[in-house]
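Undergrad: Below is the structure I would like to discuss, written out as structure tokens.
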Ligand code: SF4
């Protein structure tokens, strides 16, 4: 039995999750998304904050796929097999670390348990260094229509310092191949706050990215935390930009994307003006779930693979993050729950308010009745010009926008909602 987070003096166990999933079976008309975590990479980037394992063993990946199939068997036995999917996202790790037969098998496993249609929004994260013409064609043929490539930075000094060398020519080739293959939405990820990054070099990277004209681009903040990610010890802190320089890097990114006609959505995403996410943000109907920003409210998320976070009904559940522990639990016939929480009424209100603030940059005054403390705490940020408070509610200012992560992240002891990748705040 893993160490489970106590909730109301009771642990959230795999048995609780079984109940949650069984009751979801009766709600067949609810929107459903699936997240699959592929926990493998061919090499560890030094800045990495993901749950992943470096392997070159085909057998190890095959064993993961065997366990994934078992996990989907267990879950769909409870929620019903063949349920229609509104969204599928395959992330990692490096999903395209899988070889071609393994990618085909992954899709086969999914199709055997869920119904994917032309309306299912299908996306996959890819490492450009592992991409090829044949692989992108295969992924397209398997039904993926959105692809996200990790670029991070195109400067050679930065790339060497983070252990991720990929030339502009290679990124360009992969990007245009994905376009020619027919992917409808291409996202490029950047990271700011990396060693050796400076305003000049980052502007150069931004210019090169903008020349490619991706549909979306995310610009994530690097968090240096070698105590929980020991490989980050290899990054020399003296080469990291200061807090002020880091903020200026992000300001430059916002300006570069805005000047090129992109619109800033949520914490760190830039989209074209015609993107549905921008319309949704403008109209106050942008949402965020465990997969990312969405225009679809109340989507249930089933997560598979180590560390995946799911949201079903009022429960938030995270799988065992360690690959071997996850595999062991699945292979012994247990749902691999590591942490979970049946959200109370107040948990739910807090989550909804924080996500609404993050997505729509405002919080109606009516929230104050339910979340008095959190509302007051947010109002105090008006002294620093981060929010404006009126009779209608709280509105994040353009200055506060840069600190939105902090505004949303400090309000809850359950999950860091302000993080680009949700993580349970696990009690020590
Ligand atoms: S490719 Fe991504 S998940 Fe893999 S080591 Fe690099 S940053 Fe981490």
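The backbone N, Cα and C atoms fix where each Cβ goes, glycine too.
A TrEMBL annotation is a machine prediction, not a hand-curated record.
Per TrEMBL, the features are:
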- 26-263: domain 'Radical SAM core' (DOMAIN)
- 35, 92, 125, 309: S-adenosyl-L-methionine 1 binding site (BINDING)
- 41, 45, 48: [4Fe-4S] cluster binding site (BINDING)
- 47, 48, 49, 93, 94, 152, 164, 189, 223: S-adenosyl-L-methionine 2 binding site (BINDING)
Undergrad: Any of the binding-site residues 35, 49, 94, 223, 309 with a C-beta atom under 6 A from ligand 1? Give them in order, or none.
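TA: Going through 35, 49, 94, 223, 309 in sequence order, those close to ligand 1 turn out to be 94.
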Undergrad: Expressed to the nearest Å, what is the distance separating residue 45 ([4Fe-4S] cluster binding site) and residue 309 (S-adenosyl-L-methionine 1 binding site) at their Cα atoms?
TA: 23
Undergrad: Relative to the mean position of the Cβ atoms of 35, 92, 125, 309, the recorded S-adenosyl-L-methionine 1 site, which additional same-chain residues have Cβ within 8 Å?
TA: 36, 37, 38, 89, 90, 91, 93, 291, 303, 305, 308
Undergrad: Within 10 Å of the Cβ of residue 47 (S-adenosyl-L-methionine 2 binding site), how many other Cβ atoms can you find? Include all protein chains, please.
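TA: So the Cβ neighbour count for residue 47 (S-adenosyl-L-methionine 2 binding site) comes to 25.
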Undergrad: Taking only the Cα atoms, work out how far residue 164 (S-adenosyl-L-methionine 2 binding site) lies from residue 48 ([4Fe-4S] cluster binding site), in Å, as a whole number.
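TA: Cα to Cα, residue 164 (S-adenosyl-L-methionine 2 binding site) and residue 48 ([4Fe-4S] cluster binding site) are separated by 10 Å.
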Undergrad: I need the nearest neighbour of residue 125 (S-adenosyl-L-methionine 1 binding site) among the binding-site residues 41, 48, 49, using C-alpha distances.
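TA: For residue 125 (S-adenosyl-L-methionine 1 binding site), the closest Cα among 41, 48, 49 is found at 41.
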Undergrad: Of 41, 45, 48, 49, 309, which of the binding-site residues has the most Cβ neighbours inside 10 Å?
TA: 309
Undergrad: Please report the three-state DSSP label of residue 45 ([4Fe-4S] cluster binding site).
TA: coil
Undergrad: Measuring Cα to Cα, how many angstrom lie between residue 94 (S-adenosyl-L-methionine 2 binding site) and residue 48 ([4Fe-4S] cluster binding site)?
TA: 12
Undergrad: Just give me the nearest neighbour of residue 223 (S-adenosyl-L-methionine 2 binding site) among the binding-site residues 35, 41, 48, 92, Cα to Cα.
TA: 48
Undergrad: Which one is it, among the binding-site residues 41, 47, 48, 49, that lies nearest to residue 92 (S-adenosyl-L-methionine 1 binding site) by Cα separation?
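TA: With Cα distances computed to residue 92 (S-adenosyl-L-methionine 1 binding site), the winner among 41, 47, 48, 49 is 41.
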Undergrad: Quick one: Cα separation, residue 47 (S-adenosyl-L-methionine 2 binding site) versus residue 41 ([4Fe-4S] cluster binding site), in Å?
TA: 14
